[in-house]
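Engineer: Take a look at the following structure, please.
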Amino acid sequence: MASADELTFHEFEEATNLLADTPDAATTSRSDQLTPQGHVAVAVGSGGSYGAEDEVEEESDKAALLQEQQQQQQPGFWTFSYYQSFFDVDTSQVLDRIKGSLLPRPGHNFVRHHLRNRPDLYGPFWICATLAFVLAVTGNLTLVLAQRRDPSIHYSPQFHKVTVAGISIYCYAWLVPLALWGFLRWRKGVQERMGPYTFLETVCIYGYSLFVFIPMVVLWLIPVPWLQWLFGALALGLSAAGLVFTLWPVVREDTRLVATVLLSVVVLLHALLAMGCKLYFFQSLPPENVAPPPQITSLPSNIALSPTLPQSLAPS
Amino acid sequence: MAEAEESPGDPGTASPRPLFAGLSDISISQDIPVEGEITIPMRSRIREFDSSTLNESVRNTIMRDLKAVGKKFMHVLYPRKSNTLLRDWDLWGPLILCVTLALMLQRDSADSEKDGGPQFAEVFVIVWFGAVTITLNSKLLGGNISFFQSLCVLGYCILPLTVAMLICRLVLLADPGPVNFMVRLFVVIVMFAWSIVASTAFLADSQPPNRRALAVYPVFLFYFVISWMILTFTPQ
C-alpha cells in the first residue's frame, strides 16, 4: 500500500515538473509566434497588394489578348466596322489612284503600284455615281442645244435617263468584275498559277478605269461628230490600256489562246459600254442629219406638205 | 519574464493605431454620399419642373417648334461655325423643303406621256436617298457626326435651292428666251454655291482633315443634281 502511494506521488511530481517546463516553452513559442505573426501580417498586406496588382496585370493581359484576337479576327459582315474598312482611304490616295488610271504605263501595274493591298470602295462607288449623273445631264444638254439649232424639235426633260444611266453603269462596274474574278479563280483552280486579284481589287480596277469616261462625256457636248469619235476612241484606248496592263501579269501564265480571248472580251465589253452610252444618250444627231436633205431637195413640195406638218408635229 | 513582457507590449501598442485610423476613414467616407444625395435630387427636380411642357397649350408647342425650325433656316441662310444645327436636330425642315421642292417641280400639263421631267416620287426619293447615302459615306469615312444630324444638315441646306426654284418659276412666267435662261442659270448657280458653303460649314469639321475632300465631294454631287433638276424645269 505504501509503495503504491509512493509510486502515485512520484508520477504527479514528474507531471508537475513537465508542466512547469512546458509554460516556459509556451511563452517562448508565443513570443516567437508573435514576431512571425507581425511579419506574416505585413506580408499578407503586401502580398495582398501584390496579388491584386498581379490580378490586375493578368486582367489587362487577358483584355489585350482579347483585343488582339478581335483585331486578328475580321468582324462579321453584319457589323458597321466591317464596311468601314473598305472606306479606309485618304484624299491623296484617291487622287493618286485616279491619276494612275488616267495615265496607264506598260510597266506599272495598277494593283501593285496604286492599290498596294488596300483596295477601297469609295472610288468605284462615287465614280459610278458621277458618271451616271454626268451622262444624264450631258444627254439632256445635247437635246437642249439641238433644240436651239432647230426650233422644230420640242425639248422636254428626259429625267428617266438618270435611271437608265445609273443601272447600266453600276451593273457594268460590278457584274463584269464579278464574272472576271470568277473566271480567273476558276482558271487558277485548273492550273494553280499565281494568285489572282481579289474581288475588291478587281472592282477597284474597273471602277477607277471608268473615271476617264467622265471628261469624255463632257467633251461629247461639242457638236462635231469626228471630234466626238476621236474623244471616244482616246478615252476607250486609255481605259482599255489600263485594264490590259493590269490584267496581263495574271493572264500571261495561262495558255496564249485563253489570254488572248480574255483580254479581247475585256476590251470589247469596254467598247460596247462606250458605244452604248454614245448611241443612247447622244442620239439626237441622226434626226438632224436626216432633216436638212429633204428640206433642201424638196423645197416646192414643202408648200404642198405644209398641211401635214402640223399633224406630224402633234404626235411628237 | 521581463523580456516576454516587453515583446508582447510593442505589437500591442502598434496594432490599435491602424484599426482606429481605418474606422475614422470609414466614417468619413460614409458622410460624403449623404451630402450628395441631399443636393442632387433637388436639382433634378428643379430641372424637371422647368422642362415640363405638359401644361402648355398646343398653340405654344407648335409655336415653339416653328421657332426652332425658323431659327435653323436663319442659320442656313447665314452659315457660320455654329453647333446649333447639329445639337438640336429635327427633320421637320427637311420634310417641308423636300415636299415643297417636289411639288414645285411638277409640270402643269395633264399629258403624262410627254412629261419627261422628274415626278414627285422621283424627287422625293433622290433627295432622301441621296442624303442617306452621303450620311453613310461620311460615317464610313470615320466621321464623328450622328446619322440624323447629317440628315438634318443636308435637308436644311436645300433651302437656298428651294428659293432658287421659286425664283425660277416666277421668271418663267415671262417670255422664254436666252435672257430668261441666263437669269435662271445665274440664280441656280448662286444658290447652289450657297448650299455647298452652308452644308460644308456644318459638316466639314466632323471629318478627319485628310478625308475632308472625300466627304465634301458627295455633298457637291448631291446639290448639283438638285440644281440640275431645277434648271431644266420648264412649265410646258
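Numbering starts at 1 and runs along the chain as it is shown here.
From the backbone N, Cα and C atoms, a Cβ is placed for every residue, glycine too.
So Swiss-Prot has the following annotated:
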type: MOD_RES; residues: B:ALA2; note: N-acetylalanine
type: MOD_RES; residues: B:SER7; note: phosphoserine
type: TOPO_DOM; residues: B:2-84; note: topological domain 'Cytoplasmic'
type: TOPO_DOM; residues: B:106-115; note: topological domain 'Lumenal'
type: TOPO_DOM; residues: B:137-146; note: topological domain 'Cytoplasmic'
type: TOPO_DOM; residues: B:168-184; note: topological domain 'Lumenal'
type: TOPO_DOM; residues: B:206-212; note: topological domain 'Cytoplasmic'
type: TRANSMEM; residues: B:85-105; note: transmembrane segment
type: TRANSMEM; residues: B:116-136; note: transmembrane segment
type: TRANSMEM; residues: B:147-167; note: transmembrane segment
type: TRANSMEM; residues: B:185-205; note: transmembrane segment
type: TRANSMEM; residues: B:213-233; note: transmembrane segment
Engineer: Of the listed stretches B:85-105, B:147-167, B:213-233, which one has the most C-beta pairs under 8 A with the transmembrane segment (B:185-205)?
Structural biologist: B:147-167
Engineer: Averaged over the whole of the topological domain 'Cytoplasmic' (B:2-84), what is the pLDDT?
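Structural biologist: Value for the topological domain 'Cytoplasmic' (B:2-84), mean pLDDT as a whole number: 59.
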Engineer: Per DSSP, what is the residue count of the topological domain 'Lumenal' (B:168-184) in each of helix, strand and coil?
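Structural biologist: Breakdown, helix to coil: 11 helix, 0 strand, 6 coil.
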Engineer: With Cβ-Cβ distances below 8 Å as the criterion, list the same-chain residues six or more beyond the ends of the topological domain 'Cytoplasmic' (B:137-146) that contact it, or say none.
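Structural biologist: Hits for the topological domain 'Cytoplasmic' (B:137-146): 86, 89, 203, 206-208, 211, 214-215, 218.
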Engineer: Six or more residues out from either end of the topological domain 'Lumenal' (B:168-184), which same-chain residues have a Cβ under 8 Å from its Cβ atoms?
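Structural biologist: Distal contacts: 104, 230-231, 233-235.
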